[in-house]
Amino acid sequence: MISVNKVFYAHSERFQMQNMNVHIKAGEVVSLIGPNGSGKSTLLRLMARLLKQSEGDIVLDGKSIHTMKSADVAKQLAMLPQMHDHQLDLTVKELIEFGRGPHKSWRGRLNKEDEEIVDWALSVTNLEGYEYRLLQSLSGGERQRAWIAMTLAQRTNVLLLDEPTTFLDIVHQLEVMELVKRLNEEFGMTIIMVLHDINQAAQYSDRLLVLKRGKLQYDGVPEEVLCHEMFQHIFGIEVDIFQGSEKPFFTPKRISKKGGAKCEQKNVLPLS
């Protein structure tokens, strides 16, 4: 579906991404985790063609992404960046209609199919009845769902989300994560997201990619990646790891001075 092949990228002397190799399969939910400045958002922006690597290639559905027309990329891949303008003088429906941009005719008007897709995006994100509300009048969670609805209106197979739960309270975080789960399970969307909440990443993802200083350090299912060595190596903390009903989760204990190593076994504590 989307592959990052031997990519090199540097935006300053202090940060370099070297020989990055990632392959995302169709239908996967993949979360990028790691400390601040590790390259998570940079990797996502490279995949979205918002940044251009100096070496290597990024392939979307068999085609080099930098040889494709922008409109063709936008028909296959949508990205919601971390920050958006919440003060736009737009209604929810007007915002969502922007998602139809890559599909519009040269006249720029919405046809019947466009209107049906906008209505579908409103329905999927539980925003029916909000279409004529101004963005400024919405709660944080409602606004985030409106922006996600705009990306859904592109009708792509791949959705990139950069910290979609940042600045939201726990209820609205769970609303967004449950929406991500539904988009994957009901509509088969491939979803790649940057998350700071590692427990949420483990709960809602098929795979975790762990970055540090521009390098991919761990790549695997949550049960394998969430181990004591990873937390020591990547975050410099000691943790307790528990096995939930489906996925593992952790609680932090203290800052660690140990270096960490590879996760060679499942260091999981049973729930009492």
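Keep in mind that glycine also has a Cβ here, set from the backbone N, Cα and C atoms.
Database features (Swiss-Prot):
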| type | residues | note |
| --- | --- | --- |
| BINDING | Gly34, Pro35, Asn36, Gly37, Ser38, Gly39, Lys40, Ser41 | ATP binding site |
| DOMAIN | 2-238 | domain 'ABC transporter' |
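Here Gly37 (ATP binding site) comes close to Phe15, Arg213: these same-chain residues lie at least six apart in sequence, with C-beta atoms under 8 angstroms from its C-beta. In the shown protein chains, 25 other C-beta atoms lie within 10 A of the C-beta of Gly34 (ATP binding site). According to DSSP, Ser38 (ATP binding site) sits in a coil region rather than a helix or strand. Mean model confidence of the domain 'ABC transporter' (2-238) amounts to 93 (pLDDT, 0 to 100 scale).
Looking at Asn36, Ser38, Ser41, the binding-site residues in this record, the fewest other C-beta atoms within 10 angstroms of the C-beta turn up around Asn36.
Fewest other C-beta atoms within 10 angstroms, among the binding-site residues Pro35, Gly39, are seen around Pro35. Those same-chain residues not listed among Gly34, Pro35, Asn36, Gly37, Ser38, Gly39, Lys40, Ser41 yet with C-beta within 8 angstroms of the centroid of the ATP site C-beta atoms are Thr42, Leu211, Lys212.
If you draw a 10 Å sphere around the CB of Lys40 (ATP binding site), it holds 23 other CB atoms from the protein chains shown.
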